[in-house]
Amino acid sequence: MATLTVPAAVPPVAEDCEQLHKAFEGWGTNEKLIISILAHRDAAHRRAIRRAYAENYGKELLRALGDEIHGKFERAVILWTLDPAERDAVLASEEAKKWHPGGRALVEIACARTPAQLFAAKQAYHDRFKRSLEEDVAAHITGDFRKLLVPLVSAYRYDGPEVNTSLAHSEAKILHENIHKKAYSDEEIIRILTTRSKAQLLATFNSYKDQFDHPINKDLKADPKDEFLATLRAIIRCFICPDRYFEKVLRLSLGGMGTDEDDLTRVITTRAEVDLKVIKEAYQKRNSVPLERAVAKDTTRDYEDILLALLGAE
């Protein structure tokens, strides 16, 4: 399901380091060489390259990259080169500190990752920022969003397939009663969404549809302009159909009045090793246009090249 393409015979790490060092030398940076290496190495290879580069040249690779490249291209390369857990920590920190109600990075990290991946991201957050993610979310986010997001990022959900069907039936009723009363931030809604396993939640959402003849997200569209309701819908979509969730983020980031490079870069760099192939298929089905073509239309130069490489374009 990943779009990342890695050579059948990956060059030795020392050779990759040497080539990257050459890309930084001379009068101009060789951006194409940087892309040809980093955009075609998996997380383990990139981790090894970073370690060897620092040992061989006495400088952290990310710092070397930051000295040579800039703007949208730099952000895409840096995010991609980071270890996945460290990348999530950086994205979470940025969103917590510059929180706005339409932010989605925290929801994605809490709901579209496995419990183990969320735990790893929080450990990376400790190591990098010397604080906890929960601490920063609580410090920078207020009101109902804080009430929802602190337990959401605090969770360590059970990750197995077991489901309690009677519990799913009763909690579907609890959700419906509170949504019907427009008590969207009720502690019971938040408890269910932030503690139950993915399998249990899917059973609950299915029971909701069976009992009340329509999906839960339909009831959460009572006020399309309400960002808290939009966040609840995003949480649910991340569990029910992550490919369609990410397709929508990409669709909204492209075209329109302008490209949202932050969303575009975040989705492609975080999903290229996971399920970007499935997201691409969802995008083409929904928009009748290949994602690569849409990205090429809305981006330019080295930024376009790194995104297309991660999308698996030839």
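Backbone N, Cα and C atoms are what each Cβ position is placed from, and that goes for glycine too.
Keep in mind that TrEMBL annotations are predicted by a computer and have not been checked by a curator.
Taking Cβ-Cβ distances under 8 Å and a sequence separation of 6 or more, the neighbours of Glu68 (Ca(2+) 1 binding site) in its chain are Ala23, Phe24, Thr29. Among the features that TrEMBL reports, Ca(2+) 1 binding site is placed at Phe24, Gly26, Gly28, Glu68, Gly258, Ala296, Thr299, Glu304.
Around the Cβ of Asp298 (Ca(2+) 3 binding site), the number of neighbouring Cβ atoms within 10 Å comes to 18. For Asp298, the entry in TrEMBL reads Ca(2+) 3 binding site.
In this structure the C-alpha atoms belonging to Glu304 (Ca(2+) 1 binding site) and Asp298 (Ca(2+) 3 binding site) are separated by 8 Å. The two recorded residues, Gly26 (Ca(2+) 1 binding site) and Asp298 (Ca(2+) 3 binding site), show a Cα separation of 31 Å.
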